[in-house]
Amino acid sequence: MTAMAGEVVEILSADDLRRTLTRLASQVVEKARDALDKLVLLGIHTRGVPLAKLLGQQVEQLEGASLPIGELDITFYRDDLDRIGPRTPRQTLIPVDLSGRIVVLVDDVIFSGRTIRSALNAVHDYGRPNAIWLLALIDRGHRELPIHPDFTGKALPTARDEVVKVLLQGIDQRDGVELWKPS
């Protein structure tokens, strides 16, 4: 994403992001209760993948359990490629059979719900999970579909023309969340 003119507001600092991920991992563990061995974290490309890995590390610190972590590319499932332009497909890596599992879809920002609809379609091509839970770091509203996260790091009401930017060390050389407001 290129820089845009206007105001940039810090929403989560690196420390805030770390604490939020710890809280989200705790919530997932609590909801899973005795089914921790059935959990699979699937990060949606691009930033959902490193977020899923960070959540997996947090779960391991909390519970001593190592969860399978996968990567989900939804390029061929999108219904909005004509609007957003062509995308280069990324790797889908599903480490275990999803049948009978509890899949936690991990995404950085939920907006219209279209990405998640595409992800749900993709997941079912890899098995029939017992349940699919949605974890979104930021929920900015403006839903076009009846999709709501099971776990939310931060609800952030935004204007449609604003941009929420999740920054991760491995991609952006720093951690945090920013809101970019147009001028």
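Backbone N, Cα and C define each Cβ position, glycine as well.
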Swiss-Prot annotation (motif 'PRPP-binding') - matching range among 38-50, 103-115, 116-128: 103-115
Which of Arg87, Arg114, Arg140, the listed binding-site residues, has fewest other Cβ atoms within 10 Å: Arg87
Per-state residue totals over the motif 'PRPP-binding' (103-115) - DSSP helix, strand, coil: 2 helix, 8 strand, 3 coil
Averaged pLDDT score, the motif 'PRPP-binding' (103-115): 98
